[in-house]
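One structure is given here, and the rest of the page talks about it.
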Amino acid sequence: MEKGAEGNTEKGTHVAVKGEAALRPEFITTKEKFHGFVDSEWQGSKGEKARDNGTAEEAKATCVEEPEVKKFKPDTEEGNKAGKPDSKRLRGQNKSRPHKKPTTYDEKRLCLSVIQENRECPFGDKCYFYHDIAEYMASKPADIGESCYLYDTFGKCPFGLCCRFAKAHTTPDFKTMENTDLVKAREGKIPVKNSLSKDLQYRLRKHSVAFEKSAEYLKTLSNNRDKKEQQGNGKSAQVHASTEAGTQVQTSTRRSTSSPQSTVKTVGPLTDADVIKLRPCEKKQVDFRDKLYLAPLTTCGNLPFRRVCKRLGVDITCGEMAMCTNLLQGQQSEWALLKRHESEDLFGVQVEGCFPDTMTRCAELINNNTEVDFVDINSGCPIDLVYKKGGGCGLMTRTRKFEQIIKGMDYVLDVPLTVKIRTGVQEKSNMAHKLIPEMKNWGVSMITLHGRSREQRYTKLADWDYITTCSKLAGPIPLFGNGDILSYEDAMKAKETGVAGIMIARGALIKPWIFTEIKESRHWDISSGERLDILRDFSNFGLEHWGSDTRGVEKTRTFMLEWLSFMCRYIPVGLLERVPQKINERPPYYMGRNYLESLMASQNVGDWVRISEMLLGPVPKNFNFLPKHKANSYK
């Protein structure tokens, strides 16, 4: 084969580079030959249609070039001086990357009055949208495919004529068809839960939602603060209680633990019974042990991706990190992060905040208006936006506030409360071992420990020796370990440390079939066709979640491209000289066993766009994409 011949020319000439994965020599090639092969094959076969439309080249022109291979610092001082100009490399986030509004790709849409049929348009002649269906269909972009996933699954496509697969369910006279048998079979089923209702959104914006349990807990904090102020001024603690008639009754300085529901107000030492009262119903119990946990992943951990991972064997799923203040304000985009698919049988949501009042109210809001199995506090987020406000990793250094937040949320929740933390803030100053024994007394049901500090971010390897130490301190509370798991061998070594379970984050983005590998204790040499089928499942789930119209298609494409920025790091098992691949090893340029495998190995954004075009059709002329991160973290 042509690519095999190219690979053989490199055999014996490739010099191993520090930080690169070890591949079999016959597959290794150079950057120029790799991109030359990928481009020529695409233009010759797959890209013929895209080239005619001019979309593939336009898409590639709007994407940034891939980052240069990381240059390791020389060990000598002379080398350091000589290497200064090359020491700068792309890293961190693309904070100023282009942001496209959902309406950007729709030049002119069909009027809602026409979609809903028999409804008069309130704007009349001044309406900007199409009212003539034939005219709209003539200007609409070509259909992507011949079958509509929504119509085939549910018997009806809610996007009707706007669907990018409309020919599959549209009659010649532009009427939308229905499969009555499928519609009846799905009747009454709610595939996605935890949506924000208009009524709740209105009440949140008008501040008319009652937070009774939160008020009770926050009142105990206020009373306790007043008591400490009195003690600080040298005043003796006196006990007063007012009856309904306004009389004052002198009571004991200690609240009775046998009657936590007493209406008598006291001032004195704050006991556990004051904060954690007996509940009319017991908390829901969840068995976390020996389960595979998909980490809450910002941007990439969306509902369609979690569905893909559920198919591939994950046990516990969690929504993306949501800001508690945005949830309390009723922001639709933030509430979308709490949505749960019916296939997610053990599902939780993760919230971030830095104050006891907002976090406690947010927990009560989630408890009363959503269906979740647990709520997780993010105390591990390293980004400056969160940390500088005192949230994320900042909570680990604010133990008094952290304690108040945990106790308050545990007080108002009917489901278990879990916490995700890092080893600490500074690299050489671990503090998780000091917090874990305290958190056991605060009411936490499970702790997840990421074996890196905030300062490390994702550089260097996770400290599993430290996780082992912390897992012994956590008992009997289950502690999950997280960091650097990319194969079932990594998972087996992690379980030997004594952790109750493992959480997988980047490993699931690079190869979501890792859950299957762990459960079957094997290395899966997955083919490029099977990987494309996984991406096809994601695109179908995305069209169901975000819509099958132009807006939904391009939103699905954007999230797919974000995922492909991680997935391209995967190296097929059959190409490795040493199995398994390590998460901190950068793949060298190599030729795959077929064209698709080579295309999926590309770290060029334009090639990711080509993969998306195989599933979601050509990109629009004004399409633009930059990955969230400028470069991957390898060290």
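Positions of Cβ are set from backbone N, Cα and C atoms, glycine also.
Residues or ranges marked as compositional bias 'Basic and acidic residues' in TrEMBL: 1-13 (among others).
As annotated by TrEMBL, compositional bias 'Basic and acidic residues' applies to 46-60 (among others).
Annotated compositional bias 'Basic and acidic residues' per TrEMBL: 67-89 (among others), in sequence order.
Feature annotation from TrEMBL assigns compositional bias 'Basic residues' to 90-102.
Per TrEMBL, compositional bias 'Polar residues' is recorded for 231-246.
The compositional bias 'Low complexity' feature in TrEMBL is assigned to 247-264.
Helix, strand and coil counts under DSSP for the domain 'C3H1-type' (105-134) come to 10 helix, 2 strand, 18 coil. The domain 'C3H1-type' feature in TrEMBL is assigned to 105-134 (among others).
Mapped onto DSSP classes, the domain 'C3H1-type' (147-172) shows 13 helix, 1 strand, 12 coil. Marked as domain 'C3H1-type' by TrEMBL: 147-172 (among others).
Residues or ranges marked as region 'Disordered' in TrEMBL: 1-21 (among others).
Among the features that TrEMBL reports, region 'Disordered' is placed at 38-103 (among others).
What TrEMBL records for 222-266 (among others) is region 'Disordered'.
Among the features that TrEMBL reports, zinc finger is placed at 105-134 (among others).
According to TrEMBL, the feature zinc finger maps to 147-172 (among others). Through the fold, the zinc finger (147-172) approaches residues 109-110, 115, 133, 136-137, 140-141, 178-183, 185-186, 540, 543-544, 547-550, 552-553, 617 of its own chain, all at least 6 residues removed from its boundaries and within a Cβ separation under 8 Å.
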